[in-house]
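Chemist: Next up is a structure, given as structure tokens.
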């Protein structure tokens, strides 16, 4: 009689394979970490442009050709305009930085004009409590403006100077994006087979992931571009120095729902009000509230909130936290993690509700009849009505 080998038991084999999968997955993640940004944006762009790829596939009937046409479209409508705007922003940021260093732009004079435009009683109160110390504030504002313009210009110039890394990451993103578009269905099917969940649960997670990525990228990018363009147009009309730079800055801050764009046009409107340009201040305020704000209040809920099914406050908190933790990629990663968190808890709740003997199944609830309690999910039993005339006996 052969005794079973304990080293060949199915349970041990399963645990060993599971540990091997975990170890090599973590190791592979470390290998891919330097290219995480390129790979993430390959996934994001593949999800966003998947409907376009499907339309191309119906026309040409060849997956490789449809993926190539979609990739060329992405380069033309996304990457080339982004490169042109970045070049303009670098130029204006460099000019602004040099103007601040040479003294051509003097933040102290701006603050002094604002202080002089205040009523005498307000000046006295601020001077008494030291709220409006013009020299100190001028130094701080100058440092902030100089640091911001220098950061923008050096960051974008650094991308150009570090050409090799940028080009490698860029072409890896395009290369991986092509295969994600061409083999997207097979990759999704492999994920469905590999995840140790029921098929409907896995598909629910994947559907939510795709919906959140598509809504976040499409919605936030569209809102940011529209608000940045409208802000840059207003600054150009009002002769604000570096209109393209501040429009790009507004587009970047517009990734923060509700408050992002106002953090740029609000201080400009206040400055124009206190320096005597009342018409410009009123016009910019009306433009910011009614036009730029309308874009945020109308387009963002339509493009983002409807598909993600997330409350506005969750989107705001997840976006801010994601940007703080992951940088610019966080405006997508944050809402995705928040949405997956909610869906995972909903799946767990559904499983516990339909599992016999679980706490959710056996939790007693009030049935509304004399305070009696019944297990959750069980309908209240109807009272037996006495036969007619039984009460008169």
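Positions of Cβ are set from backbone N, Cα and C atoms, glycine also.
Please treat TrEMBL annotations as automatic predictions, because they have not gone through curation.
So TrEMBL lists the following for this protein:
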TRANSMEM  20-52  transmembrane segment
TRANSMEM  64-90  transmembrane segment
TRANSMEM  163-181  transmembrane segment
TRANSMEM  217-238  transmembrane segment
TRANSMEM  244-266  transmembrane segment
TRANSMEM  278-295  transmembrane segment
TRANSMEM  315-348  transmembrane segment
REGION    356-393  region 'Disordered'
Chemist: Which sequence-distant residues neighbour the transmembrane segment (217-238)? Criterion: at least 6 residues beyond either end, Cβ under 8 Å.
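Modeler: Distant contacts of the transmembrane segment (217-238): 44-45, 47-48, 244, 246-248, 250-252, 254-255, 260-261, 264-265, 268, 272, 280, 283-284, 287-288, 291-292, 295-296, 299-300, 302-304, 307, 319, 331-332.
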Chemist: Checking distant contacts: for the transmembrane segment (20-52), what same-chain residues at least six beyond its ends satisfy Cβ-Cβ under 8 A?
Modeler: 70, 73-74, 78, 169-170, 172-174, 176-177, 180-181, 184, 210, 213-214, 217-218, 329, 332-333
Chemist: Using a Cβ cut-off of under 8 Å, list the residues of the same chain at least 6 residues beyond the transmembrane segment (163-181) that approach it.
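Modeler: Same-chain contacts beyond the flanks: 35, 37-39, 41-43, 45-46, 49-50, 53, 66-68, 70-71, 74-75, 187.
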